[in-house]
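Asks: Have a look at this one before I ask anything.
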């Protein structure tokens with residue numbers, strides 16, 4: 001029986017300490033990090049994405065960070081292609097890979113696979129992307145609710161990648177994306193989850209939102225706008241940048257911007273946590289430094 005390669009991933013909601021623990025685990029194993037974050041792929045979007053610093057990236061090589069410009073589309077299919085390429089590269093170097101990031105759809109797809117529906121015609125994909133950039137995801141979600149209500153029910157209305165993909169499959173082939181069989185797993189998975197008491201996690205999120213603004217989130221957003229990146233772009237609609245754009249337009253005050261950033265991030269964290277809790281093979285660890293027991297478990301899993 002062929003033994004599948006190991007996929008080691010650190011999961012958890014935003015602000016839970018994935019980056020810090022990830023660096024410790026990667027250094028202990030001699031691993032390199034593959035980012036499973038839908039926003040850290042973009043150049044110039046550092047503060048709002050809580051991107052690892054240059055010093056942190058100097059400690060451990062990172063893949064899939066600072067690859068695209070903010071006006072270039074990025075979706076789960078592209079992530080899987082790039083991540084598998086990085087895995088293959090690391091296998092040749094006989095180095096472990098550690099997947100790190102909060103876009104859990106990406107990790108889910110990489111490990112378990114989504115329904116392998118055929119690719120939609122390029123002109124349809126281009127049309128939907130244009131609609132997404134011009135009007136946002138809300139009208140696309142409403143159309144999906146009308147055409148494929150069961151899929152729409154399980155998707156978050158703001159999940160641009162999944163909503164767009166589900167809609168393009170239905171429009172192209174007249175059938176639900178859920179009607180396609182699922183892929184077989186490509187990896188043996190070892191998931192690590194960082195478990196915080198919810199109120200403590202929310203306090204961390206609230207504090208991080210304040211620190212992002214104090215660290216220059218507004219200036220970073222203004223720089224992106226001045227570089228020609230329109231507010232309607234999907235990347236510019238991400239949590240943090242959306243609120244900063246509204247502040248720069250005079251639509252909300254600085255205090256409202258911070259409160260809205262905190263609120264939206266807490267909501268996103270709740271969704272992330274719900275998905276993590278649904279996993280059966282996740283190893284929950286308390287916040288803090290890497291424990292020897294966890295490292296031993298990981299090393300045994302590779303044997």
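In case you wondered, yes, glycine gets a Cβ from its N, Cα and C as well.
TrEMBL annotations: computationally assigned, not manually curated.
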Asks: Of 29-32, 33-36, 37-40, which span is tagged region 'Interaction with substrate tRNA' by TrEMBL?
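Replies: When 29-32, 33-36, 37-40 are checked in TrEMBL, region 'Interaction with substrate tRNA' belongs to 37-40.
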Asks: List only the single closest residue to residue 103 (site 'Interaction with substrate tRNA'), chosen from the binding-site residues 14, 15, 16 by CA-CA distance.
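Replies: Closest recorded candidate to residue 103 (site 'Interaction with substrate tRNA') by Cα: 14.
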Asks: Near the Cβ of residue 19 (ATP binding site), how many other Cβ atoms are there if near means within 10 Å?
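Replies: Excluding its own Cβ, the number within 10 Å is 17.
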Asks: Let me spell it out: take the region 'Interaction with substrate tRNA' (37-40), skip the flanking residues so only those 6+ beyond its ends count, and list any with a Cβ under 8 Å from a Cβ in it.
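Replies: Sequence-distant neighbours of the region 'Interaction with substrate tRNA' (37-40): 48-49, 51-52, 64-66, 74, 79, 100-103, 106, 161, 235, 238.
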Asks: Far apart in sequence but close in space: which same-chain residues, 6 or more away, have a Cβ under 8 Å from residue 18 (ATP binding site)?
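Replies: Within the chain, residue 18 (ATP binding site) has Cβ neighbours under 8 Å at 10, 11, 12, 100, 101, 102, 194.
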Asks: By Cβ count within 10 Å, point out the most packed of the recorded positions listed: 14, 16, 103.
Replies: 16
Asks: Average the per-residue pLDDT over the region 'Interaction with substrate tRNA' (37-40) and send me the rounded value.
Replies: 95
